[in-house]
Amino acid sequence: MRTRTNWPVMILIALGTVLILFPLYMTVTIALKSPQDMLASVFGLPKELHFENFANAIAMTNFFNALGNSAMVTTATVVLTLLTNSLVAYAIARNMNRRFFKGLYFYFISAMFIPFPIIMLPLVKLTAGLNMTNLVGLTILHTVYALAFNVFVYVGYIKSIPVALEEAARVDGTSTWGTFWRIIFPIMAPINATVGILICLSTYNDFLLPLIIISDTDSYTLPLVQYIFQGQFNTEFNLAFASYLMAMLPMIIIYLFAQKWIINGITQGAVK
Amino acid sequence: MNKRLMPYYLMTVPAVVLFFIFLTLPALQGVYYSFTNWNGFGDHYDFIGLKNYVNLFKDGNVGNAYWFTFKFAVVVTILINILSLLIAMGLNAKIKARNFFRGIYFLPNILSVLIVGYIFNYLFSNVFTIWGQNLGIGWLSTNLLGSEQHAWIGIVIVAVWQGVAYNTILYLAGLQTIPGTLYEASNLDGASRWQEFWKITFPLIAPFFTINMVLAMKNSLMVFDQIVALTNGGPGRATQSISHLIYTGGFEGGEFAYQSANSVIYFILIAAVSIAQIRFLQRREAEM
């Protein structure tokens with residue numbers, strides 16, 4: 001009875017995807033049309049493909065510069081987060097019986113409840129004073145802000161790794177650092193993948209932090225570029241949509257290849 | 001100090017320092033400035049006590065932002081949870097190409113909120129209006145976002161379109177923890193679909209319901225990117241969210257100290273709402 005395909009549900013689910021795909025269909029077709037095409041039919045497929053929209057959008061937004069910035073900040077944040085946040089969580093997880101580390105744990109995770117606007121105004125003064133209004137500053141801030149959630153997730157995971165493994169290494173004379181890097185860190189691969197995916201998505205798509213931190217146009221990330229150039233796109237929708245599509249494309253491509261991983265990772269990260 | 005513990009302290013100290021400098025310190029500074037009249041750029045400012053807080057309560061724009069944000073957050077939280085639970089149950093049923101559909105339904109979550117907002121902005125002004133005119137539906141034939149009364153609905157639509165993805169995946173994870181034998185037993189007992197849902201499915205995914213309610217509420221109380229992309233707070237100030245007000249007032253309006261006070265109130269409210277939600281929902285979990 002339960003092994004047969006449930007057709008009514010299947011049809012509803014299939015119809016529902018139209019709601020998801022329609023805006024994306026519009027994005028792709030508008031990006032490929034000319035203004036004349038649009039007048040003829042807003043919904044139809046483009047009569048001929050206007051790839052020059054992409055070329056023009058690239059020139060207008062200095063796209064590759066922004067893509068480079070976004071890629072750099074995202075990569076650096078992911079690497080830095082995985083290396084540092086896991087280490088901090090390890091120290092905490094293995095010493096939860098000590099007051100200092102337990103206190104740290106709650107200190108870090110309590111920040112999950114602090115809305116960003118609370119620190120936004122003073123943060124701008126602070127980063128300007130420290131000369132951090134650049135991509136390096138952005139990377140550091142993303143890494144620091146990720147700590148709250150990641151400590152929570154990592155500590156939960158590390159607790160499930162038997163301490164006996166480390167004791168064996170220690171008997172052989174491996175230092176605490178060596179134990180972490182050579183034994184614990186490799187074991188943490190699944191949770192590292194989860195954290196890496198979440199950080200990658202949130203850093204790449206983040207708009208508010210770059211908006212308040214970055215002042216130099218050469219350092220703009222992709223969302224910031226879309227925001228700044230929005231005014232200039234006012235009448236040139238085809239260029240705007242070409243630009244949106246290009247900005248979303250890297251994550252869509254990654255998603256196509258790592259879909260299963262991403263979905264599993266998100267699930268694990270939130271449920272832990 | 002215990003020598004064996006030394007490496008552990010060394011591992012955490014840099015993080016503590018950075019965390020303090022970039023998170024705790026700004027938060028404390030924000031509280032400090034909230035008692036002053038600093039505009040954000042001059043050198044001079046005075047302590048004015050609770051004056052900012054008193055003024056906040058008299059400020060129509062502030063009241064308006066809180067009203068909009070809470071109304072928005074409640075509607076979005078309810079809609080997201082209903083829809084994502086329905087979709088998750090659909091994706092958990094015996095259907096073909098299950099993984100393909102899961103992939104599609106999760107797609108919105110990986111896209112930039114700002115860009116999704118811009119895309120919908122165009123759809124509201126240039127695409128949905130065509131349908132409205134063709135079908136003779138009054139409210140759809142003009143740009144929804146241009147209406148002081150209805151613009152917030154447009155923002156709700158975009159937030160729900162994107163937000164459902166994440167919660168669906170969490171509900172799906174929850175549904176997969178329920179053993180199929182339970183349904184087989186209830187089938188034998190002749191339970192209806194409706195009874196099955198309320199007696200088995202819903203109680204067993206209670207913890208996921210809690211997480212999803214809290215996350216959806218917290219995220220929508222912090223709504224910012226969608227506002228920037230869709231209405232910029234307009235028309236007038238009809239769709240100005242609290243975080244948008246803090247941003248514009250604090251950075252562009254010279255209200256640094258005043259908006260700092262607003263941030264403090266905002267923080268207290270978000271914390272209170274989150275804690276109240278968790279308490280209430282967890283008690284419900286236990287009772288079920």
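Using N, Cα and C of the backbone, Cβ positions are placed for all residues, glycine too.
As given in TrEMBL:
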type	residues	note
TRANSMEM	B:7-28	transmembrane segment
TRANSMEM	B:65-91	transmembrane segment
DOMAIN	B:66-277	domain 'ABC transmembrane type-1'
TRANSMEM	B:103-131	transmembrane segment
TRANSMEM	B:151-175	transmembrane segment
TRANSMEM	B:196-215	transmembrane segment
TRANSMEM	B:264-281	transmembrane segment
Long-range environment of the transmembrane segment (B:65-91) - Cβ separation under 8 angstroms, sequence gap at least 6: 98, 101-102, 105, 152, 155-156, 159-160, 163-172, 174-175, 201, 209, 212-213, 216-217, 220-221, 223, 237-242, 244-245
Stretch in B:7-28, B:103-131, B:196-215, B:264-281 most in contact with the transmembrane segment (B:151-175), if contact is a CB pair under 8 A: B:103-131
Whether the transmembrane segment (B:196-215) meets the transmembrane segment (B:264-281): three or more C-beta pairs under 8 angstroms: yes
Same-chain residues at least 6 beyond the ends of the transmembrane segment (B:264-281) whose Cβ lies under 8 Å from its Cβ atoms: 27, 30-31, 34, 53, 56, 206, 209-210, 213-214, 217-218, 221-222, 242-243, 246
